[in-house]
Amino acid sequence: MSSYQDSDSLPPRSEAGLAGFSNPGLELGEGECERAGVEDKMEGFHLDRTTGASAGQAESQKRRGLAVRFRGVEVEIQGRQILRDVAGTVLPGELMALMGPSGSGKTTLLSVLTGRIQAKSGQVTLDSQPLTKNLRRMLCYVMQQDIFFPNLTVKDTLMCQAHLRLPDSVTFAEKEKIISVLVEELGIKKCLNTIVGNDFVRGVSGGERKRVNIACELLTDPSVMLLDEPTSGLDSSTSHSLIATLKHYAVKHQKTIISSIHQPSSLIFHMFDKLLLMSDGEVAYYGQASRIVDFFADLGMPCTPHENPADYMLDKVKESPEVRQDIVDYSNKFRVSSVECPLLSKDETNTHLQSMAGELSEVKIAGADGEGAGAELEEVESPQWASSFWMQLRTLTARNFKQQRPQILSLINVIKTLVTAIVPGLIWFQVPREEDQVKARAGMLFHLVLYWFITPIFRTLPSYPAERPIINKERLAGSYRLSAYFLAKVLSELPLAIPQLLVHITISFWLTGLNGAGAYFADMGIIALSTFTSEALGLLISVVFLRMDQTMAFSTALIVLTVLLGGFYIQKLPFWLVWLRYLAIILFSFHATLQLEFTDDASFRCASQSFSPHCAAAHLNNPNETAYIPAQEILDQFIIPLPVWGNILVLVLYMLAFRVATYLVLRFVRIPGK
């Protein structure tokens with residue numbers, strides 16, 4: 001008999017019926033069932049996310065890890081079989097590696113274990129309890145991509161997550177203490193006040209960003225942690241340090257950790273307690289990581305001492321379809337039913353395994369049939385959200401404000417605001433109040449309205465696509481309500497636009513000599529309303545069209561049509577196209593500013609060759625007297641059907657319609673994970 005099969009001193013498995021043991025002798029290794037004894041201490045354990053442990057109680061109330069079991073898991077997507085009869089068990093205190101070539105189903109299995117993908121068949125349990133929505137909160141999932149708001153510091157990022165994902169009953173000081181303990185344990189204390197950054201904004205290093213990602217998930221003290229290739233993109237030294245940290249955390253806090261990993265070094269590979277090797281959606285090996293060399297030796301594929309076992313086994317499962325099938329068949333040879341390792345008390349030794357092995361077929365195993373010979377995990381109904389709506393709204397508003405502020409109030413934007421206000425102001429400098437200059441004055445107003453239509457749209461267009469991965473991750477994690485995020489986004493971006501608007505309108509207004517202080521404040525309000533409406537439209541476009549090329553193409557066409565139909569270039573349209581002009585938002589803000597500029601108390605001298613009937617009559621009656629054109633005759637040239645308040649009302653309705661439409665698209669179309 002080979003060394004691999006000798007290692008357990010157990011009789012052949014073909015009759016023993018060892019369920020969940022993908023390979024002979026793998027599950028019942030030394031210390032394996034002894035570790036299962038931690039489940040005996042889970043009796044009376046309650047899932048209660050509504051009460052937050054204070055910093056002083058953190059150690060005593062810290063959640064224990066839960067045994068994760070999955071059996072017969074099969075997943076089919078669009079008619080393609082992704083996973084086939086995948087099974088395994090991971091106990092508290094264990095770190096399991098999930099390995100396999102690209103496309104072998106590692107990420108899909110992690111998604112099944114977190115409940116994000118529904119398996120076609122099979123079962124996933126936590127301490128013998130089926131995985132439910134409430135129990136999912138005992139798990140955390142660390143995605144491969146470390147996506148954060150780049151302008152926030154590490155401390156801001158962690159505190160924001162603490163406010164969102166911990167109950168309101170946990171005080172600010174307690175949250176700070178929790179964060180302090182985590183950053184100390186994960187080794188990121190020195191970079192607390194450094195911005196997180198990304199590929200375009202310099203911040204913390206890649207390894208530190210990964211640890212921040214892990215820290216965000218550990219804030220809720222999950223019992224089970226699942227990670228998708230946490231070492232991806234990291235150098236060997238950083239990868240080793242990260243896995244060592246995870247190993248230490250699993251053992252120290254008795255947590256259950258499952259991590260997919262791609263081609264680890266030999267040093268990293270030997271840190272894992274268990275290994276689940278996958279190939280084309282099937283289990284090629286499951287058991288103790290230290291026995292993988294014996295497994296391949298039994299197959300007649302010995303791994304030489306100088307080779308990295310991780311690289312060797314991946315090369316073998318990719319070598320040829322025949323070799324891959326031989327490995328899978330050998331792995332499945334000893335898998336029969338669904339029996340788990342019996343629970344042993346911690347003072348029982350591995351000698352019990354030999355006497356127990358011959359009786360396994362007659363023993364009723366806790367968790368195999370749903371009856372708890374050991375501990376039962378009591379599931380307690382908890383609120384859907386950890387924090388209140390107002391806490392979420394306040395936190396998200398502050399976060400969005402901090403993220404957007406450096407971009408909107410950057411030096412380049414300040415220069416842009418000054419240049420686009422001063423240059424047009426000099427072009428239309430102190431426009432004479434004469435009939436000949438009415439068109440020039442209207443052109444200046446149209447320029448102001450158009451500028452504050454285009455600028456907010458292009459500022460908002462990249463907003464949601466940039467945030468979408470972060471928002472989807474947080475929504476999948478159940479961090480906050482969609483309504484809180486949406487309202488916070490609206491509230492946080494409005495005040496940031498006001499300083500630029502105030503400076504731009506003030507400079508433009510007084511350089512061109514528009515109609516007095518009253519019109520200045522009224523124009524400011526109308527253009528601000530038009531700006532908010534444009535922001536709402538820009539956000540709607542960015543949510544509907546996720547690709548930037550589509551977004552830009554649609555926005556460009558929309559702006560061109562808006563300029564044509566905005567009421568300055570064209571006043572009359574064919575009767576069958578009249579309805580189009582009411583789709584141009586700036587038509588209403590332009591008309592309102594015209595009505596405020598050309599009022600009855602405004603004096604505009606008649607031209608010598610006037611087209612105004614009033615001016616023509618005045619010149620005829622008294623050629624030497626200065627005549628003034630009535631404001632209504634000027635406004636009649638632009639065909640303005642609504643009063644000022646009517647134009648304002650239309651802008652408000654458009655803004656509300658765009659906001660509601662955006663929320664509905666986010667709620668029912670842009671569903672995370674789909």
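Backbone N, Cα and C atoms are what each Cβ position is placed from, and that goes for glycine too.
According to TrEMBL, the features are:
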- 68-305: domain 'ABC transporter' (DOMAIN)
- 1-32: region 'Disordered' (REGION)
- 408-429: transmembrane segment (TRANSMEM)
- 441-458: transmembrane segment (TRANSMEM)
- 496-514: transmembrane segment (TRANSMEM)
- 526-546: transmembrane segment (TRANSMEM)
- 552-570: transmembrane segment (TRANSMEM)
- 577-594: transmembrane segment (TRANSMEM)
- 644-666: transmembrane segment (TRANSMEM)
*Counting only CB pairs under 8 A, let me know which of 408-429, 441-458, 526-546, 552-570, 644-666 has the most with the transmembrane segment (496-514).*
408-429
*Test the contact criterion for the transmembrane segment (441-458) and the transmembrane segment (577-594): 3 or more CB pairs under 8 Å, pairs 6 or more apart in sequence, then answer yes or no.*
yes
*For the transmembrane segment (526-546), could you work out the same-chain residues 6 or more beyond its ends whose Cβ comes under 8 Å from its Cβ atoms?*
448-449, 452-465, 468, 489, 493-494, 497-498, 501, 505, 554-555, 558, 585-586, 588-589, 592-593, 596, 647-648, 651-652, 654-655, 658-659, 661-662, 665-666, 670
_Given a Cβ distance threshold of under 8 angstroms, which distant residues of the chain, six or more beyond its ends, lie next to the transmembrane segment (408-429)?_
440-441, 443-444, 447, 451, 459, 493, 496-497, 499-500, 503-505, 507-508, 510-513
*Give me the mean pLDDT over the domain 'ABC transporter' (68-305), rounded to a whole number.*
93
